[in-house]
Amino acid sequence: MGRPELGALRPLALLLLLLLQLQHLSAADPLPGGQGPVKECEEDQFRCRNERCIPLVWRCDEDNDCSDNSDEDDCPKRTCADSDFTCDNGHCIPERWKCDGEEECPDGSDESKATCSSEECPAEKLSCGPTSHKCVPASWRCDGEKDCEGGADEAGCPTLCAPHEFQCSNRSCLASVFVCDGDDDCGDGSDERGCSDPACPPREFRCGGGGTCIPERWVCDRQFDCEDRSDEAAELCGRAGQGTTATPAACAPTAQFTCRSGECIHLGWRCDGDRDCKDKSDEADCSPGPCRENEFQCGDGTCVLAIKRCNQERDCPDGSDEAGCLQESTCEGPRRFQCKSGECVDGGKVCDDQRDCRDWSDEPQKVCGLNECLHNNGGCSHICTDLKIGFECTCPAGFQLLDQKTCGDIDECQDPDACSQICVNYKGYFKCECHPGYEMDTLTKNCKAVAGKSPSLIFTNRHEVRRIDLVKRDYSRLIPMLKNVVALDVEVATNRIYWCDLSYRKIYSAHMDKASIPDEQVVLIDEQLHSPEGLAVDWVHKHIYWTDSGNKTISVATTDGRRRCTLFSRELSEPRAIAVDPLRGFMYWSDWGFQAKIEKAGLNGADRQTLVSDNIEWPNGITLDLLSQRLYWVDSKLHQLSSIDFNGGNRKMLIFSTDFLSHPFGVAVFEDKVFWTDLENEAIFSANRLNGLEIAILAENLNNPHDIVIFHELKQPKAADACDLSAQPNGGCEYLCLPAPQISSHSPKYTCACPDTMWLGPDMKRCYRAPQSTSTTTLASAMTRTVPATTRAPGTTIHDPTYQNHSTETPSQTAAAPHSVNVPRAPSTSPSTPSPATSNHSQHYGNEGSQMGSTVTAAVIGVIVPIVVIALLCMSGYLIWRNWKRKNTKSMNFDNPVYRKTTEEEEEDELHIGRTAQIGHVYPAAISNYDRPLWAEPCLGETRDLEDPAPALKELFVLPGEPRSQLHQLPKNPLSELPVVKCKRVALSLEDDGLP
């Protein structure tokens, strides 16, 4: 058989090439419509059979995430752990989630009747009844909140008050001392009904109009204690014609406005449309003026923020902010359709074979009637919904669209207020849990305390401190007969309370059970206090911190008041509230000065930084939620209650209200409630701290309620004192051992500090007297803090008898030491920390195990020896130079014949010719205010000698910036006062040496 011809094979070859090309095109475009190449998934994704990509962690989780169940193929059978509950469909959930009121099993078997009916409540819990199968802590019984669905935990609760209490008409209990005291403490007036005006006890004075009784020592003390100011009446105090004799605190006339009620506010708040004074005197006699640039003027002349214009809320009293607003037409929603030509038609008119849009865009022939979801679910990862025109991808609850087709999990825990305390994110949902000591209320989903006694709310009411039991609703007086108490705090472990009295300018402490007894009230701090308005207790390290708006300082002391020092005295204008976090070593404070702000620093004064400086006007009270790590504050000017995290981020305005936040002052947080005092409303309010809702009044008709705290052991968690963990007592510190901020794992645990009149030594542990400068007063003042000097603090040893107590106010009264030692000060470790003049505590972080081998003798020798060596070297150099100058200097005396003929009795100059490379002598520069320069004038006659040239020398070498003494006046030429050598009277005859 012969070979086929080449021409006969060509058709076969072309056919083969055509088949190969078709196969290639089919492989490149496997899906109809040409949807592109095969989709590749990321490394952390799983590729389904239908080419979808899902997170790899969704593989074998018993959920059909691929929609074709390919992610659950060939998966091993799961076995739940002993600590888990096995759902009927095989899912595993934590055992604590069983019968908690929420269905975590996909089939709901964890909350089924068969599962929960067999459960019995433990002894420490209360059953909500046979039908609910729910258990609640026994401490929640009769706490005023319904925790069971049917309210079984609040059923049958006794309503009778204790024998020493008064039951109000609203069924609340009140201490008998509040009955017939002139204040409506019940809230319904039942405690003041049928009351006569009883006489005041001995040594007390009744205010006018049947008012309250005050101690007689408060009468005519130049401070208003009665609401009607009758205790300072001119006729009573014997100062007729002078009006009231009380003198309110002086306000800065150039920067502040004095309210008639005595407060000081910023001068710019006068006539700004907002009532800032308690008596509203800052808005009295104000002419209507234009609003600010960021404000809108209402029809009645009032001003509101411009952003509130046309917000569909009535902000102006006359509603003019919503007048004339154009409502934008939207074409959104399933029942509306946006035409390409711009019209908006009803969704039911789409694909009805009738033209409703001008461009026929509602009747596309190729799309109407086409169901895209039938092919590959429209490309949607979860839910595909067919529309009349096109389709839409949606996601189940807990998921969100990432790229219009793929669903991804929503991390609900990104919201800091998603849960009461702990938020755990899961695929498609999240779970809330509670910290130890708390338990979830399945009805409200809030964490409630189960450990410790019932929480109490303690607040100052100017003349007394009161307490409200938040569970039993008992209302009692804790400390009576106080002068003007503003700030307070508590130490739960020792059951002590601390408070500041502005009138007496003292800080007190007392045991809670004996605080009403004057003899049990201990004075902790009574010196160098002006206006202590903020107070905080470090319950771990046993310290108290306070702000002083008069001295512009923040200070710290031990809880017994024996050791104290000033941490900050710079860049403070009006410091007010202060709060501490001993667990992390930080403190926080508010400053309502001209540049209002909230700041943060370490408990040792290091790492100072500003957290809030914008959109803040009058920050008063601040408080910390240590569990959620958030800071809450109230702004009396903006009428807001806001919060941030401990680093200043995630800012959130919780409440804005001119009614409930008219003039807030103090704020406190516990569980899911936030509490605050209001001076204008004279009441205490509470609200939900997560959403700002559920606003309620706890107490009203008060007299200047200021600070407020919560007394409960969970508010002050126990922790180890770093200073006690050291091998040496008090961390090796001679005076104060202060905790350092825990910024990282390498942060030191503590640093040492000294009293204001002493400095930290080279070993960073011992304290020394500040060396007295002998040069000028200005130099000494620049190196010391600005607070007045005090006597030696108790417990401090003076190691060098030559050191003197240093005072920046009267430095000339203390004799300088013969050999003063300049102890080097520790530099600041943070750029945000004030200059060294603001603090005398250590900023160097030594190891805890370092030895105290460095002594005062070593420190003195280490400073004096180099000075002596330098002085000897300088003296030796001077003697060598003087000897060399004498050897290299020759003198020549000669007579001028011409001059001799005329004036033979004139003195001749003595010329010194030196063999030096320099011509003449350079005089030191002198600081002078004279117009003409100072020159060394030649000797032209007799000159007088100065007995003591020191005064003139001192005036010539005054340091820059130092004031000149007025006792010694400079002459016209200061150099003429320097000691000079008299010109010698000589008579020389020149012999003829052959000169021409």
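From the backbone N, Cα and C atoms, a Cβ is placed for every residue, glycine too.
Quantities reported herein were computed from a predicted structural model and do not represent experimental measurements.
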Bond partner of Cys325 - disulfide, per Swiss-Prot - picked from Cys303, Cys310, Cys344: Cys310
Per Swiss-Prot, the disulfide partner of Cys80, chosen from Cys66, Cys92, Cys99: Cys92
Residue among Cys331, Cys339, Cys368 that, according to Swiss-Prot, closes a disulfide with Cys351: Cys368
From Cys316, Cys331, Cys357, partner that Swiss-Prot gives for the disulfide involving Cys339: Cys357
Rounded Cα-Cα span from Asn551 (N-linked glycosylation site) to Cys226 (disulfide bond), Å: 28
8 Å Cβ shell about Trp58, Asp61, Asp63, Asp65, Asp71, Glu72 centroid, Ca(2+) site members excluded: Ile54, Arg59, Cys60, Glu62, Asn64, Cys66
For Asp61 (Ca(2+) binding site), the one of Cys48, Cys92, Cys331, Asn551 that lies nearest, given that the recorded positions are compared by Cα: Cys92
Rounded Cα separation (Å) that holds between Cys80 (disulfide bond) and Cys60 (disulfide bond): 14
Asn170 (N-linked glycosylation site) to Cys393 (disulfide bond) - Cα separation in whole Å: 56
DSSP state at Cys237 (disulfide bond), helix/strand/coil: helix
Nearest-integer angstrom distance between the alpha carbons (Cα) of Asn551 (N-linked glycosylation site) and Glu72 (Ca(2+) binding site): 71
Sequence-distant neighbours of Cys128 (disulfide bond) in its chain (C-beta under 8 A, six or more apart): Lys134, Cys135, Val136, Asp147, Cys148, Glu149, Gly150, Ala152, Asp153
10 Å Cα neighbourhood of Asp71 (Ca(2+) binding site): matching disulfide-bonded residues from Cys41, Cys48, Cys60, Cys92, Cys251, Cys393: Cys48, Cys60
Among Cys48, Cys75, Cys316 [disulfide-bonded residues], residue with fewest other Cβ within 10 Å: Cys75
From disulfide-bonded residues Cys251, Cys264, Cys331, Cys380, Cys393, the one whose Cα lies nearest Cys66 (disulfide bond): Cys380
